[in-house]
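Positions annotated as active site, proton acceptor by Swiss-Prot, on the basis of sequence analysis: GLU89. Swiss-Prot lists GLY15, SER16, MET17, PHE18, SER19, GLY20, LYS21, SER22, ASP88, GLU89, VAL90, GLN91 with the feature ATP binding site, giving sequence analysis as the kind of evidence. Residues or ranges marked as Zn(2+) binding site in Swiss-Prot: CYS145, CYS148, CYS183, CYS186.
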Amino acid sequence: MYLINQNGWIEVICGSMFSGKSEELIRRVRRTQFAKQHAIVFKPCIDNRYSEEDVVSHNGLKVKAVPVSASKDIFKHITEEMDVIAIDEVQFFDGDIVEVVQVLANRGYRVIVAGLDQDFRGLPFGQVPQLMAIAEHVTKLQAVCSACGSPASRTQRLIDGEPAAFDDPIILVGASESYEPRCRHCHAVPTNKDK
């Protein structure tokens, strides 16, 4: 990262499932705490896989978080003493999240967001592409393809061990029981006609 002389910027951490996005967000938040900065972490209410009130990485690291159901609810929890605002699973927030993040950065906060940049079909997911476009720093992480061992940039959704169809619902909260990291070549998304 470069030294930034002005306060207020946006950092995006993105990638496939199991690429370490939440782990990296937690690492950055912990570093701010060592620096005696005040950080607050948010997560969408829909993300209750491991905990209702913590951001938890797949390897078990965790940090306290405020669950919110709407992007603009974040403003209710911000105080002037805050230095850093972190938001996990940003792809699950409503369309207002881009404006919320912009406003916070413009007010002088360091805003760190983490989320999937692609849905299970391999298409841009939610507001993450817009956040990547307005961010000062973008970190794109990769996992390891569970099929061949290559770098994985995609998320394979599985239903009873088989790839989910293209027109299945986009949002399905889950972990290793429903998803695997895959490379471009091992990622499969059949249409319902193919099944």
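Note that Cβ sites are derived from N, Cα and C of the backbone, with glycine treated the same way.
Taking only the Cα positions, the spacing between GLU89 (active site, proton acceptor) and GLY15 (ATP binding site) is 11 angstrom. Put simply, of the binding-site residues GLY15, ASP88, VAL90, the one whose Cα is nearest the Cα of CYS148 (Zn(2+) binding site) is GLY15.
Summary: among the binding-site residues (VAL90, CYS145, CYS186), the fewest other C-beta atoms within 10 A of the C-beta are counted at CYS186. A 10 Å radius around the C-alpha of CYS183 (Zn(2+) binding site) takes in none of the binding-site residues listed as SER19, LYS21, ASP88. In this entry, ATP is bound by GLY15, SER16, MET17, PHE18, SER19, GLY20, LYS21, SER22, ASP88, GLU89, VAL90, GLN91, whose most widely separated C-alpha atoms sit 16 angstrom apart. Cα of CYS186 (Zn(2+) binding site) to Cα of MET17 (ATP binding site): a span of 15 Å. ASP88 (ATP binding site) and CYS145 (Zn(2+) binding site) are 23 Å apart (CA-CA, integer value). Within 8 Å of the Cβ centroid of the Zn(2+) site, not counting the listed residues CYS145, CYS148, CYS183, CYS186, the chain contributes SER146, ALA147, GLY149, SER150, ALA152, ARG182, ARG184, HIS185, HIS187.
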